[in-house]
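A short worksheet on the structure shown next.
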């Protein structure tokens, strides 16, 4: 069916009239901070203790705005006769927020939960070169990361958890059945012995 001529104009005017009748609200920022959604993407905070310098975040970043420097350190053997091992030590971790497009790929690919979204958004600078923030600043932003939201009790159970729970219940049922069968067999043997003893 062909659209009625002028229907687009009527829809636009309806939206305009709806907006005109609403009460205007003036944001009192910066005196009053805005209420941000719980999953706001502001800046990226670094939990340095979890970083193993695996370089996944820097390799996957489409803007190449993450800079990481590290060196190897020899760790002595944990037990006598054991082998020494080497580990990476983080020297520099910086993010250039003038290049970052806030896609969140670095946070998604981090296998050790070292990167998190912070709702902080007041980090404007007068010089674009000052938007490259080093690990000290990223560590400060880490403390502004909100707690993860509580799980919805009505949400569906994850498939992995459900499969593990069913396997555990099945194993427990099998163990209970095996424990019950020897006891039943022993009870039957005892009854047979008593019956034989009662015979003349």
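A Cβ is built for glycine as well, from the same backbone N, Cα and C atoms used for every other residue.
Unlike curated records, TrEMBL annotations are generated automatically.
61 is the residue from 54, 61 that TrEMBL records in the [4Fe-4S] cluster 2 site together with 100, 103, 106. The binding-site residues considered are 51, 57, 61, 103, 106; of these, 103 has the fewest other C-beta atoms within 10 angstroms of its C-beta. Local packing around the binding-site residues 54, 100, 110 was summarised as the count of other Cβ atoms within 10 Å of each Cβ; on this measure the leading residue is 110.
Sorting each residue of the compositional bias 'Basic and acidic residues' (153-169) by its DSSP state yields 11 helix, 0 strand, 6 coil.
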